[in-house]
Amino acid sequence: MTVMKFDLIKKEGKARRGKISFPRGDIQTPAFMPVGTYGAVKSLSPVELKEMGAEIILGNTFHLWLRPGTEIIKKHGSLHGFNGWDKPILTDSGGFQVFSLGKMRKLTEEGVTFKSPINGSKVFLSPEISMQVQRDLGSDIVMCFDECTPYPATEKEAKESMELSMRWAKRSKDAHGDNPSALFGIIQGGMYEHLRDESLAKLKEIDFDGFAIGGLSVGEPKEDMIRILDHTAHQMPEDKPRYLMGVGTPKDLVEAVYRGVDMFDCVMPSRNARNGHIFTSEGVIKIRNSKYKDDTSPLDPNCDCYTCKNFTKSYLHHLDKTKEILGSRLNTIHNLTFYQNLMKSIRKALDEGRFAEFRKEFLANYK
């Protein structure tokens with residue numbers, strides 16, 4: 001029996017306002033989860049993440065398993081004890097990382113054999129191992145082990161990949177056993193609606209605590225992503241959280257909420273921050289651009305983050321040019337605050353029954 005509880009508070013069209021509850025804390029939805037690949041969101045402390053409104057973060061099973069390994073993490077009790085984050089943590093299963101290794105992997109019915117990107121040694125990962133690693137990490141939300149269908153894929157390739165993922169989903173559920181953490185199933189099927197339907201039907205039959213849409217934002221055109229979302233999101237169980245994996249831009253989040261999604265994660269705000277790409281209420285600023293050299297205005301006049309309250313575009317441009325670590329930190333603080341504030345605004349609009357209006361306004365102003 002899972003310790004997770006999901007309350008659907010309100011709906012506007014397909015958009016949903018809810019709350020996911022765990023012993024470690026509540027998550028107001030729609031929610032964005034900052035990504036802490038190695039247990040840490042790059043350059044930020046848990047205190048800073050909490051200050052910007054994050055209620056859950058994502059950790060990476062694959063990378064944490066390879067380094068430092070679960071024995072070291074278990075000495076701290078859990079990943080929470082290791083990284084000092086005392087709120088909920090979702091861990092992905094490692095399936096996407098294995099997918100991204102490309103030709104360095106060998107896929108069989110049993111699992112995946114690959115060369116460790118750390119020392120080149122041979123490593124094997126299966127649904128059973130992924131479930132054990134996530135149990136050792138003490139994750140609040142565990143993701144079932146799947147194969148992320150590549151893009152482009154023929155219908156035959158997408159079908160075979162999806163069917164393998166469904167067999168692995170069943171093995172993940174069996175191996176999860178008496179673990180009280182929530183277990184989410186992942187819908188695959190590439191860009192083919194009928195395969196997505198088959199996948200969802202199978203996952204409902206196996207029965208999971210939440211459902212995720214995988215295999216999007218892997219290089220497909222935006223209209224394909226929206227087409228699959230339009231088709232799939234509203235068919236997912238109404239009484240369980242819906243999670244869109246690895247997505248995306250601010251516009252993507254607004255459009256996915258409109259279609260009924262509750263949870264998101266993406267490296268974009270933190271990765272882009274380190275490359276000088278800043279999200280603002282009017283669109284993206286590239287702080288490296290020489291036009292900001294003597295610009296004494298803040299990044300975003302509508303933002304209340306530490307960066308916007310204390311520093312100018314000119315100073316952030318200077319930090320970027322001189323490759324100061326502080327530049328990455330200040331940019332990351334701003335970008336992740338922007339994402340959390342966007343989710344707060346979405347939740348407020350849903351609370352007040354004006355999300356349709358909010359979406360229209362946001363899409364018109366955000367370039």
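Glycine is no exception: its Cβ is also placed from the backbone N, Cα and C atoms.
Copied from Swiss-Prot, the annotated features are:
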ACT_SITE  D92  active site, proton acceptor
BINDING   D92, S93, G94, G95, F96, D146, Q188, G215  substrate binding site
REGION    246-252  region 'RNA binding'
ACT_SITE  D265  active site, nucleophile
BINDING   C303, C305, C308, H334  Zn(2+) binding site
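Here the region 'RNA binding' (246-252) has, by DSSP, the following mix of helix, strand and coil residues: 3 helix, 0 strand, 4 coil.
Shown in sequence order, V98, F99, M143, F145, E147, C148, S165, I186, G214, M245 are the same-chain residues outside D92, S93, G94, G95, F96, D146, Q188, G215 whose Cβ sits within 8 Å of the Cβ centre of the substrate site. Annotation for the binding-site residues C303, C305, C308: lowest Cβ count within 10 Å of the residue's own Cβ, C303. Report note: the Zn(2+) site is defined by C303, C305, C308, H334, and the residues of the same chain whose CB lies within 8 Å of the CB centroid of those residues, excluding them, are P298, L299, D300, D304, Y306, T307, K309, I333, T337, F338. Of all residue pairs in the substrate-binding list (D92, S93, G94, G95, F96, D146, Q188, G215), the one with the greatest Cα separation is 15 Å apart. Sequence-distant neighbours of F96 (substrate binding site) (same chain, six or more apart, CB under 8 Å from its CB) are C148, G214, M245, G246, listed in sequence order. Residues belonging to the region 'RNA binding' (246-252) score a mean pLDDT of 97 in the model.
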